[in-house]
Number of protein chains: 2
Amino acid sequence: MTAPETHKRMANAIRALAMDSVEKAKSGHPGMPMGMADVATVLFTRFLKYDVNQPHWPDRDRFILSAGHGSMLLYSVLHLLGSKELPISELQNFRQLHSKTPGHPENFVTPGVETTTGPLGQGLAMSVGFALAERMLNAEYGDGLVDHYTYVIAGDGCLMEGVSHEAIDLAGHLKLNKLIVLFDDNGITIDGHTDLSTSVDQVARFKASGWNAERVDGLDPEAVAAAIERARNSDRPSMIACKTIIGYGAPTKADSHASHGSALGDKEIAGAREALGWPYAPFEIPDDVYADWHGAAAKLAAPRTEWEARLAATDAAVRSEFERRMKGELPAGLDAAIDAYKKTLSETKPKVATRKSSEMALDMLATVVPELAGGSADLTGSNLTRAKSQQPLTPDDYSGRYIHYGIREFGMSAAMNGIALHGGFIPYGGTFLVFTDYARPAMRLSALMHERVIYVMTHDSIGLGEDGPTHQPVEHLAALRAIPNMLVFRPADAVEAAEVWQIAIESPKNPSVLALSRQNLPTLRTEHVSENKSAKGAYLLAGPAEADVTLFATGSEVEIAVNAKAKIEEAGHTARVVSVPSFELFEAQDDAYKAATIGNSKVRVGIEAAIRLGWDRVIGNDGIFIGMNGFGASAPADKLYEYFGITAQHAADAALARLKSNA
Amino acid sequence: MTAPETHKRMANAIRALAMDSVEKAKSGHPGMPMGMADVATVLFTRFLKYDVNQPHWPDRDRFILSAGHGSMLLYSVLHLLGSKELPISELQNFRQLHSKTPGHPENFVTPGVETTTGPLGQGLAMSVGFALAERMLNAEYGDGLVDHYTYVIAGDGCLMEGVSHEAIDLAGHLKLNKLIVLFDDNGITIDGHTDLSTSVDQVARFKASGWNAERVDGLDPEAVAAAIERARNSDRPSMIACKTIIGYGAPTKADSHASHGSALGDKEIAGAREALGWPYAPFEIPDDVYADWHGAAAKLAAPRTEWEARLAATDAAVRSEFERRMKGELPAGLDAAIDAYKKTLSETKPKVATRKSSEMALDMLATVVPELAGGSADLTGSNLTRAKSQQPLTPDDYSGRYIHYGIREFGMSAAMNGIALHGGFIPYGGTFLVFTDYARPAMRLSALMHERVIYVMTHDSIGLGEDGPTHQPVEHLAALRAIPNMLVFRPADAVEAAEVWQIAIESPKNPSVLALSRQNLPTLRTEHVSENKSAKGAYLLAGPAEADVTLFATGSEVEIAVNAKAKIEEAGHTARVVSVPSFELFEAQDDAYKAATIGNSKVRVGIEAAIRLGWDRVIGNDGIFIGMNGFGASAPADKLYEYFGITAQHAADAALARLKSNA
């Protein structure tokens, strides 16, 4: 058989498996795998440095299917390469409960899938983080241990989504030349031809952002291979627009949105089999095709043993640190350092904003945890996210550990997902809490994938003052607490800020949001304890175990609760204050702890400069809530707290009035 | 005085007012107004068709300050043009509670401000909606009544945000040639020089998306004027990169991020006054400068009287329809049409998905409410958002009322805000509910601005099935209910779908989210009533006023509640079902109605295929919740409901067990 014939059969195997799996599930997206089968075959048999049964090998090339609906492309390739995790039975179980072949690729379900995709644009945006992490780690460990490519397949949808701009601009600026994007340029979206809604010249667009970009015939394997070869030797990131035909081979549905998102049907599949010259039964792959794929797989995997030899020859201390970081384990000494730091805080009692407390904690942490990789969406001086020891990362020096992400909250967050997934780093990044709205699609993926990404979100309430309601979060704490697996922290002082940083770093399977104040707050935890009190989510901060009134508060409002307690006591009643740095962690405690912490007070008051949603869980339906009923306003912070009635006096008055009416 | 001298004094008046207002507030952003003062002076004295004291005149040019932090630029200009709403005292009250000069421009506070900006990129993205609405209305009413430009000032931040790509691509595709963007190309962001984080060639980038684009010296008024003149005569949207110096005039802080976001200080301001040749006291504007600005204002306003004459000469029926639509009033006959339609539904009892019910309602509504302007983010066949009577809008024909927004949820939503703000249309648009995460920043602005924008969000739960957790909303209902002013609807059947469409259209001051099922649902409201029962947010759907168990449910889970009721009754207990199409509207009812609707059942059960957050408000802390605890999975919908225990059997069993343990 000639080489072109061999290639064609290997590519047609992908097409057939995609058609058959979607048909069996009566659900899925056959069009993209059929169109991109040639490109994928070239990439996965000639270029990708990859061992399909060692999917976590650190120096493998990364492949990201940004057009995640084409999941059958990836599952087919993994199967054909010989993945033990994906026998043909898994492909026959496509999109069924508990299969390893879910509708969109899920890295936490399927070994060999690098990241979870489907929400368009985000695979591309995460790939910037993957490629950046590779260069950052390379700067520390050299070519011998870290030197690989990041390949992406992206579709029209990915490139229409706004986050693609943030990703492309950032990657071009940072000259991430080992990032190679294969654009499935098929001219079709769900609604029809792309000319319904877009006219952009993608090649010119990428060039404007500092990329190499060219267009090739995506059905011509040699043209694709030559373009990939050029891209691998480029000094910039590369985009190869591969002109393809969606649903290639389908007699009536090719080149039409009809092949995009549903099973083709028996008759169309029979026609496609004939057109492709593929006479085999559903899910039948001839031995020669398996043999060709397995042969390619062996060749692709060869560099792994060479790499392992290099690792074995590496200085033991370097090697052990490299392995620790790639496993996501933490350095020794972290807890002791935090304990000592907390002790100092309880003694010195700083009165600073929690964004400043966070910076102080970071200054310490960055020296103990070298894998911390920080950044901000262009608010460094406001978020206070740069530790003293961190130098900026630049296109000419990837050893910097502080990343100027630019005004790209979504792109930053997606890049952080990519960095976390790549391994070797714990990424954190800052913006204003209100702009979690921009970052939210990526934050959701952090949570779904159980990735350790730390969102440092400052200016966390009307306390930011004059910038006004566009910049004042009121619903964001509730909206973030709604995301499963997300830990949302609102520390009350410098000690809690240190504690929540500790929890965030020591939670390898959760992303965290640190909601931090702009305004100064006193140290309330003035008696040092080694225990991380914030880890229980809520705890009795002040007052007796039982009292007439319990005041629950978070963050900057805990000070108000403490002052309200004093006023209630002046009026002859007893009161206690419970600080609630994390609703999620409190919910996770046992019933006895929860009951003791909530207590038996006749009156429960919740204080948070945000909306009530979620608070009924703590204070009950009849609890008094001191917070916001709607959007904020532009004015100095103290004026706003007064205007919206979030004051100790108001809280105390409301509690006392309730005590009186109950009496 | 020579013309250049006059211009210079007019521009310096903006600079001085910006410096002085920020200094008095000790808060704000002087740098941008100082850099863009020349551009603004050219635009607002030579081009803008505008009557500063008739800010709602329909055919005015629209001006959008996408770089909203430069609000003092806009307030200064409005003051200098002679706005009665913005006397000098308001500028002296910049950023204070209840002033008309909030930190960022807020259209609901300040007459003359077209839209609320500050969250970067969104002004630009809304401008696409403004410019599109202008062309759409022009297609109906002709050049005599509708023929104006949309001007935008955008900064580096706007152009780094991803939504700028969505906006630029859409505007270029639609050939919105009356859209003119003035880019404040000052090379500075908050963190420092733009070369910290971006390398994009903006002129090349806009050209790649089908725009005219050029670069001019933004401090040279004649160069700016010539570029605007060219842009006005172009057949495409235009971007003019105006090379400026941030903080122009400030002796040490110009051309530095030091002038971006804080008061300059007395000494720097004194130096700037000297450098600019502006010897006047703070807030003092010499008479000749006022006279020049007022003279320009009179010239700019002249077209208004000519337009009014044309309107007066217009056919009375056309005129009255035009005026009705620009006022946002609804056509007569809407309620009657909905009533008749609901009656048919109760008789025919369709068993269809609520996305289909929504389409059926739309088919009817689009013929009665011609101002409905629909669209989808490339999911037309899934969202079912195109009414039979609607033709697609194309670059060659703006009379179509169905917009292919492309894969741009955020850009679509921002454009809808622009369309709503422009007036003449009620915009609605579709995507999957899970992708409200992408649209969220614009949805928040819809709510903050009290704009009537209708979000048609289908595939509203795990009921979407095989696409899996990336596509299955679980936290989105809660997260959307968190947004103040947002009405979130989850109709249970075709009748409720019609009712929530009616509420959405008849709520001129609220955006609405319609969360709609992919899966088929029976008609539960089989007895016709004219009353819009959904308008109370929750109501007794089935069963007696009091019962052992009350089952509360929304959307697709109401059917499950009805079936659970039957099972509870079979076991010898009484049960009632309350449908809760809108939490917000229910919360707004009086206490008596709420108490009667919630009832006195010993056991309350909430059923929603989503997380519990917010439900304690309805079912209490001890209520039973049948829903989701985390993310979904990829499988057929019925399998998922079974797997996650969201079934009538499970709900009934849980209620009966509770009754037993309570007994």
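In case you wondered, yes, glycine gets a Cβ from its N, Cα and C as well.
Because TrEMBL annotations are produced automatically, they should be read as predictions rather than curated entries.
Under DSSP, B:GLU409 (active site, proton donor) is assigned to a helix (H, G or I) in the three-state scheme. Feature annotation from TrEMBL assigns active site, proton donor to B:GLU409.
Positions annotated as substrate binding site by TrEMBL: B:HIS29, B:HIS260, B:ARG355, B:SER382, B:HIS459, B:ASP467, B:HIS471, B:ARG518. Counting every protein chain shown, the number of other Cβ atoms lying within 10 Å of the Cβ of B:HIS459 (substrate binding site) is 28.
Taking Cβ-Cβ distances under 8 Å and a sequence separation of 6 or more, the neighbours of B:ASN186 (thiamine diphosphate binding site) in its chain are B:GLY31, B:MET32, B:GLY35, B:GLY155, B:ASP156, B:LYS243, B:THR244, B:ILE245, B:ILE246, B:ASP255. Annotated thiamine diphosphate binding site per TrEMBL: B:HIS69, B:GLY118, B:PRO119, B:LEU120, B:GLY157, B:ASN186, B:HIS260, B:PHE435, in sequence order.
According to TrEMBL, the Mg(2+) binding site annotation covers B:ASP156, B:ASN186, B:ILE188. According to DSSP, B:ILE188 (Mg(2+) binding site) is assigned to a strand segment.
What TrEMBL records for B:352-523 is domain 'Transketolase-like pyrimidine-binding'. Summarising model confidence by region, the domain 'Transketolase-like pyrimidine-binding' (B:352-523) averages a pLDDT of 98.
Residues annotated as site 'Important for catalytic activity' in TrEMBL: B:HIS29 (among others). Around B:HIS29 (substrate binding site), the same-chain residues at least 6 positions away in sequence with a Cβ under 8 Å from its Cβ are B:VAL22, B:HIS69, B:GLY70, B:SER71, B:MET72, B:HIS260, B:GLY261.
Counting every protein chain shown, the Cβ of B:HIS260 (substrate binding site) has 22 other Cβ atoms within 10 Å. DSSP assigns B:HIS260 (substrate binding site) to coil in the three-state reduction, outside any helix or strand. Summarising the annotation, TrEMBL assigns site 'Important for catalytic activity' to B:HIS260 (among others).
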Using a 10 angstroms cut-off on Cβ to Cβ distances, just flag whichever of B:PRO119, B:GLY157 is the loneliest among these binding-site residues.
B:GLY157
Going by C-alpha positions, which of the binding-site residues (B:GLY118, B:GLY157, B:ILE188) is nearest B:ARG518 (substrate binding site)?
B:GLY118
Name the binding-site residues, out of B:HIS29, B:LEU120, B:HIS459, that lie close to chain A, meaning a Cβ-Cβ distance under 8 Å, keeping sequence order and answering 'none' if none do.
B:LEU120
For a quick check of understanding: among the recorded positions B:ASP156, B:GLU409, B:ASP467, which residue's Cβ has the most other Cβ atoms within 10 Å?
B:GLU409
If I restrict to non-local contacts, at least six residues apart, and a C-beta distance under 8 angstroms, what lies near B:ILE188 (Mg(2+) binding site) in its own chain?
B:GLY31, B:ASP156, B:THR194, B:ILE246, B:ASP255, B:SER256, B:HIS257, B:HIS260
When the Cα of B:ARG355 (substrate binding site) is compared with the Cα of each of the binding-site residues B:GLY118, B:PRO119, B:GLY157, B:PHE435, which one is closest?
B:PHE435
Quick check on the binding-site residues B:HIS69, B:LEU120, B:ARG355, B:PHE435, B:ARG518: which one has the highest count of other Cβ atoms within 10 Å of its Cβ?
B:LEU120
Mind giving me a neighbour count for B:GLY118 (thiamine diphosphate binding site)? Other Cβ atoms within 10 Å of its Cβ, every protein chain shown.
26
Given the recorded positions B:SER382, B:GLU409, B:HIS459, B:HIS471, state which is nearest to B:GLY118 (thiamine diphosphate binding site) when distance is taken between Cα atoms.
B:GLU409
Roughly how many Å lie between the Cα atoms of B:PRO119 (thiamine diphosphate binding site) and B:ASP467 (substrate binding site), rounded to a whole value?
32
Lowest local Cβ density among B:SER382, B:HIS471, which the record lists as binding-site residues, within 10 Å:
B:SER382
Taking Cα atoms as reference points, which of the recorded positions B:SER382, B:GLU409, B:HIS459, B:ASP467, B:HIS471 is nearest to B:LEU120 (thiamine diphosphate binding site)?
B:GLU409
Between B:ASP467 (substrate binding site) and B:GLU409 (active site, proton donor), how many Å separate their Cα atoms?
18
